[in-house]
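Trainee: Below are the features I grabbed from TrEMBL:
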ACT_SITE  E452  active site, proton donor/acceptor
ACT_SITE  E461  active site, proton donor/acceptor
BINDING   Y340, K349, Y350, E408, D436, M437  S-adenosyl-L-methionine binding site
DOMAIN    37-306  domain 'PRMT5 TIM barrel'
DOMAIN    312-481  domain 'PRMT5 arginine-N-methyltransferase'
DOMAIN    484-650  domain 'PRMT5 oligomerisation'
SITE      F343  site 'Critical for specifying symmetric addition of methyl groups'
Amino acid sequence: MPLAERLGDKSDSRYCGVETDFNDDMPQLLFFNINGGFDFVVAPLMDPAYRPSLMDNDSSRSAVLPFAGSDLVLSPSQWSSLVVGKISSWIDLDSEDEILRKDSEIALKQELAWASHLSLQACLLPAPKGESCANYARCVNQILQNLNNMQLWLRIPLEKSDDDAICENSDHLGGGQIDSWELWNSFRLLCEHHSQLSIALDILSSLPSANSLGRWFGESVRAAIIHTNSFLTNARGYPCLSKRHQKLMTGFFNHSIQIVVSGKAVHNLPMGSSELAANQPDNHVDGIQKHPLRSYLDYVGYLYQRMEPLPEQERFELTYRDYLQSPLQPLMDNLEAQTYETFEKDAVKYIQYQRAICKALLDRIPDEKASLITTVLMVVGAGRGPLVRASLQAAEETGRKLKVYAVEKNPNAVVTLHSLVKLEAWENIVTIVSSDMRCWDAPEKADILVSELLGSFGDNELSPECLDGAQRFLKQDGISIPSSYTSFIQPVTAAKLYNDVKSHKDLVHFETAYVVKLHRVASLAPSQPVFTFTHPEYSNNKSNQRYKKLQFVIPIDTGSTMVHGFAGYFDATLYKDVHLGIEPSMATPNMFSWFPIFIPLRTPVCVQPGSPLEVHLWRCCGATKVWYEWCVTSPIASAIHNCNGRSYWVGL
């Protein structure tokens, strides 16, 4: 049964598994562990004593392989949902011993063929035995080419020795200073970033630095195997985890990573039931004694249960997590009613706009002239009217008189605008203009120009080009809301997003910037500003073309990292101290109109500790389109992406 029911959480991390020894009575093994409270087993499929070379050559063709029972001993749904196959741990495909190497290759293929026959959802591969894993990876890669939908979890110990703190468990992979991420990286590169190859992290008693741990959340980690000897003992004699381990576990839960408990019970529990399981009715099931690892499971469940429920906004965004969407083409295409409705529900955004308009009105008209002067305010890109409403509410709040022009190019939205004006009896205040703001000849100049043309990257929905066209009907001392906006980027590890782009098998998708609710992503360095636009802009030689070179330094204790691309954000100053944006360090709380943007790299870049990452971005303008180009020049040079806007552009 799940660890708990957490409001809004339907992820795999609700389920906890247990690693078992070989047992040729699979029904009994499953019964004992499932009734003991675990949701699935990670169980060996083959007798560990089996070696292909020990089979008699003449009889081997007809011999029955020593698997853990026939496929008929469990139902197909039980095999599929309750069993993760564990490939024999003795396998060593890079051994110097030729017999062992050949035995390993034969056994690996036999076991995975059997697992595929059983329609298992996943199999756990043993960790590479040494630093070299080329032959192991070659064999796995061959299997991956013809594998059904089964995932292969490569077991990787979570360890990284630091200069000032050598990991106690560093002999796990041969001693000395080590970073097990390097082992994973070598293996996945040899397997060409295959989407069905993922990670099962072995959680040991000592942990690397927080920065080093953080990079794993952008990798394709499916499971975390926590060993019983990694648990501490609390004052009552029950297992518990250190504060750092607890924080790591919460991270796993939040990133849909399943926990697997492994090892023998090492805590001598006092008599009586655990305080965490005191009210559990299933300490004994049908006369079977409580599972020896139940206290560890109960503690994992306790950590899961104490997490806060997902906020309403997070629940709303669940289906968008790591889902790549093409950015809007607001000038070329007319938005649909459903898109308008989604944006209009973002109350926080319009509260910020109303605050900015209030301040602008108060600065524009002193109190003694409030009843004498009417401020001309133009909403350019009025949509279905939310900014018109915010403007009129600001006028009411400040006691200022207002005349509003609502300019909208989408004829379908104009229908809604007319209906709104009639419904609210705004006919004497609001004039609706069905026109592209760049072509409209205004009958008078505006005191305040209000727009919501910002994209996830600030200028990526052509706000600069639109406002340049609208600026001619703003008074020389007029106010633009927003008054400026800046885009930001930061390097990220994003294995899932990279594989989703790669699955299209073409250049176009690698040269497209996507809107995406980032989730299984590791941010590797703080974001840096890229392009800034200010409005109004009266410079004689103004241009909306931009170029920026940035250098990111990834904290040295992170270790080596894989940069799959860049996360893009924006921050906008609406007026004076009123801002809104999605840049993580200063994001407007509870606002959902914009998800970040993901700018992929065709070939991911591996950055070694201490090496700077140098990135170049261009904003290019043509007669009919605007586009971005980007590349990396250090530590290695990449191709310049999206040259001449050949793959991705925004139409003027």
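Yeah, the Cβs are placed from backbone N, Cα and C, and that goes for glycine too.
The model shown is predicted, which means the values in this text are computed figures rather than measured ones.
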Trainee: For the domain 'PRMT5 arginine-N-methyltransferase' (312-481), provide the mean pLDDT of the predicted model.
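Mentor: 94, rounded to a whole number.
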Trainee: Within 10 angstroms of the C-beta of Y350 (S-adenosyl-L-methionine binding site), what count of other C-beta atoms is obtained when all protein chains are considered?
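Mentor: Y350 (S-adenosyl-L-methionine binding site) is surrounded by 19 other Cβ atoms within 10 Å.
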Trainee: If one measures from the C-alpha of E461 (active site, proton donor/acceptor) to the C-alpha of E452 (active site, proton donor/acceptor), what distance in angstrom results, rounded to a whole number?
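Mentor: The separation of the Cα atoms works out to 10 Å.
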Trainee: Take the Cβ of E461 (active site, proton donor/acceptor) and count every other Cβ within 10 Å, whichever protein chain it belongs to.
Mentor: 22
Trainee: When a 10 Å sphere is centred on the Cβ of F343 (site 'Critical for specifying symmetric addition of methyl groups'), how many other Cβ atoms does it contain?
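Mentor: Total other Cβ atoms inside 10 Å, all chains included: 17.
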Trainee: Rounding to the nearest whole angstrom, report the longest C-alpha distance spanning Y340, K349, Y350, E408, D436, M437, listed for S-adenosyl-L-methionine.
Mentor: 24
Trainee: Could you list the residues of the same chain, at least six apart in sequence, whose Cβ is under 8 A from the Cβ of K349 (S-adenosyl-L-methionine binding site)?
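Mentor: Correct list: F343, E452, L580, T588, M591, S593.
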Trainee: Same chain only, sequence gap of 6 or more: which residues have a CB within under 8 Å of the CB of M437 (S-adenosyl-L-methionine binding site)?
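Mentor: Non-local contacts for M437 (S-adenosyl-L-methionine binding site): V380, G381, V407, K409, C466, G469, A470.
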